[in-house]
Amino acid sequence: MVERYSLSPMKDLWTEEAKYRRWLEVELAVTRAYEELGMIPKGVTERIRNNAKIDVELFKKIEEKTNHDVVAFVEGIGSMIGEDSRFFHYGLTSSDVLDTANSLALVEAGKILLESLKEFCDVLWEVANRYKHTPTIGRTHGVHAEPTSFGLKVLGWYSEMKRNVQRLERAIEEVSYGKISGAVGNYANVPPEVEEKALSYLGLKPEPVSTQVVPRDRHAFYLSTLAIVAAGIERIAVEIRHLQRTEVLEVEEPFRKGQRGSSAMPHKKNPITCERLTGLSRMMRAYVDPSLENIALWHERDISHSSVERYVFPDATQTLYYMIVTATNVVRNMKVNEERMKKNIDLTKGLVFSQRVLLKLIEKGLTRKEAYDIVQRNALKTWNSEKHFLEYLLEDEEVKKLVTKEELEELFDISYYLKHVDHIFERFEKE
């Protein structure tokens, strides 16, 4: 993983020492289960726990000879625990240890992500309420549409992230399965009771039908969920990038004292953090494809998934954690320019109220086509002049026959577009 995007506590979860500690935790859970079932002598687990040490360099040195990391680990621990080594890794295959340990890591990573995502939700909710009644222009196709509330825009982000909390909870549940079922998953050399007890100690459930491995659809679901969360963050980042354009300048991401925007142009304040989030979201999607490829392994298992997972598990979880933490800081500290929002609403000289005029003319008895033609005719004049849309309407003979000056002016009241904002917030809170 690129150190630039690695943050504690997530990065600490994926160190070599942490990996071997999880392996040892799985092995000890198995010996404890054997003990409790009376299948090995009492005291074995405690002695192994006291004598086994995580020696990364020793394991790597042995692996140079064995070319097998789990064998190197078993031999390394075996050299430390004397006679008890005959009960260590008893009846197991490498994937019993690897897959179960990976589940422990992914569950723990998921919990870290979940906690940070909930904090992000809290920030989004606070910002949404702060700007609940702040008018801003809504844009469709990048073009001014109708006024809306900036708080409502942020509420949409919050709503999506709340759904992502639920998705992530489901993804954690999806990978909360281990397997202690032997070489092809049929418990030939390790009884199911050992698996049940060992996994219960670890807080995991037995994979209902395993092969030599836990089926990889679980991991694909998990990584796909992480990519969906990242895409939601990207949506927020892209919106902020658009709103920070010089011509728009309604929102700006945080810009620290002493920060530089360009090596050549001192005036620049670029949305580099949101651009970074956009790029990292692309990487998150890239992790999904190989995880889907991992589902179709040969027969009861091949090892093609292993090299993929050494990359994607640590990288995807660390990348998303960085994205969530960074996005939280951006939204918490972004500058919201309410005056610029008002100025931008006025930029099109009242054209954003065209639908209200259309509906008023229909209300007065015109067909939709007749009303549309009148409104569009005056709107197109406005596009190409400095006059306000209302002025053209007040001069239009067809309009004057149907609508009074007071009625027309009332149609340009911006509060009309915010009248149901409180209802939307209240409805959302009830869900």
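Glycine is treated like the rest: Cβ placed from N, Cα and C.
Swiss-Prot has this to say about the protein:
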- 4-5, 67-69, 93-94, Q212, S263, 268-270, 307-311: N(6)-(1,2-dicarboxyethyl)-AMP binding site (BINDING)
- H141: active site, proton donor/acceptor (ACT_SITE)
- S262: active site, proton donor/acceptor (ACT_SITE)
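Overlay of Swiss-Prot feature records on the structure.
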residue : record                                     : DSSP class
R4      : N(6)-(1,2-dicarboxyethyl)-AMP binding site : helix
H68     : N(6)-(1,2-dicarboxyethyl)-AMP binding site : coil
S94     : N(6)-(1,2-dicarboxyethyl)-AMP binding site : helix
H141    : active site, proton donor/acceptor         : coil
S307    : N(6)-(1,2-dicarboxyethyl)-AMP binding site : helix
I need the CA-to-CA distance for H68 (N(6)-(1,2-dicarboxyethyl)-AMP binding site) versus H141 (active site, proton donor/acceptor), whole Å please.
55
CB within-chain contacts under 8 A for R310 (N(6)-(1,2-dicarboxyethyl)-AMP binding site), separation at least 6:
none
Whole-number Å distance between the CA of S94 (N(6)-(1,2-dicarboxyethyl)-AMP binding site) and the CA of H141 (active site, proton donor/acceptor)?
54
Least buried of the binding-site residues S94, S307, going by other Cβ atoms within 10 Å?
S307
Would you identify which of the recorded positions R4, H68, H141 has the most other C-beta atoms lying within 10 angstroms of its C-beta?
H68
Roughly how many angstrom lie between the C-alpha atoms of S307 (N(6)-(1,2-dicarboxyethyl)-AMP binding site) and H141 (active site, proton donor/acceptor)?
42
Taking only the Cα atoms, work out how far H141 (active site, proton donor/acceptor) lies from R4 (N(6)-(1,2-dicarboxyethyl)-AMP binding site), in Å, as a whole number.
35
